[in-house]
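Below is one structure, written out as structure tokens; the observations come after it.
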Amino acid sequence: MNAVPALARPKVGSIPYGQAIYRCNRNGDIALTYDDGPYTYTEDLLNLLQRYNAKATFYITGRNLGKGAINDPDTPWPVLIRRMVRDGHQIASHTWSHQRLTTLSRSKFWNQMIYNEIAFADILGYFPTYMRPPYSASNTTTDAWLNELGYHITYFNLDTEGYLHDSPNMISTSKQIWDNTVEGRSPATNKWLHIEHDPVYQTVYNLTEYMLRSIRRNNFTAVTVGQCLQDPPSNWYRTVSSSPSPTSTSSSSPTFPATTNGRCGSRHGGATCRGEPNGETCCSQNGWCGGTSDHCGRGCQPVFGTCRGTPEPAAPGRCGAAYGGARCTESGWGCCSRAGWCGSTNDHCGTGCQGDFGTCN
């Protein structure tokens, strides 16, 4: 992927480049983020997020913790990273080998960013426009370099310090930090950009489900950083191709290269079926373009084509367009909150209530 360093890097959308971002823009959102992976525990973390229909952003380090390079096909990492995309999570950069950027020369800094871009491009066919500096260490010089490369610099305003409490007896401290911040707060007036680390055992196998239950109980929504900033997904990545990256922000999905061989999806360079002739614009679960019910129905990948089949059934208690059009009136709960939860409290039935999918006050 030698074309990566010379790739056009237009700055699109309203989210600032080369400036520190600490907060979400949309009330009711909690942007879950995980640094330093993928790691041994990451697959189990993805399974947990899937059970709760929660989305997250993974700030990926290319080669750290003795795991090898993320684009090495003999490791599990390429498959896991493709799964992150397939599951609706956001991929972001946490540099190649987790160096403190403020201590590096320009050339070494460049390598930390470009090497990771090349690895992402090898795996996905594109690389992210969002990053987080290791150790949260940046300054005006590195910010300017990141601006030159076209990166959004994202930090956080909720840190449970799970990496400091990685034992069964200590993780309760992180839970208390979470509770002191989130528990009992209204989604109508609160939002957070959060940080954890997926190589931390207690974070994955103890703390995360505790947070997900709290998010559900308090009627918040677990989202990606791009979602909480209200940045269209088309702006989250830069595609490696002969054409410049798109400048439009009107699309609701990333702009990926058109298929050249009938294959599609994250396992096939991020190729899309959109624009294929004879209506064969659906990307099947197995990564084939076509127009039959097998392509367009269950398992169809909407990021890489159109889907026309019956949506997957909504999870119990969920509602709205994001959950198969499920209605709370059919579940007996009444109101559908802005975050897509059925219930009968003021948070469900008041501001942001979705009248198309339930009753509202």
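Placement of Cβ uses the backbone N, Cα and C atoms for every residue, glycine included.
Predicted automatically and left uncurated, TrEMBL annotations should be read as such.
Fair warning: this is a prediction, and the values are worked out from it, not measured in the lab.
Look at TrEMBL and you will find 28-223 tagged as domain 'NodB homology'. Residues annotated as region 'Disordered' in TrEMBL: 236-265. If you look up TrEMBL, you'll see 241-255 marked as compositional bias 'Low complexity'. Summarising the annotation, TrEMBL assigns domain 'Chitin-binding type-1' to 261-309, 316-361. Feature annotation from TrEMBL assigns disulfide bond to CYS282-CYS296, CYS335-CYS349.
Ranking the disulfide-bonded residues CYS282, CYS296, CYS335, CYS349 by C-beta neighbours within 10 Å puts CYS282 at the top.
Rounded to a whole value, the Cα-Cα separation of CYS296 (disulfide bond) and CYS349 (disulfide bond) is 34 Å. The two recorded residues, CYS282 (disulfide bond) and CYS349 (disulfide bond), show a Cα separation of 36 Å.
CYS282 (disulfide bond) carries a strand DSSP state (E or B).
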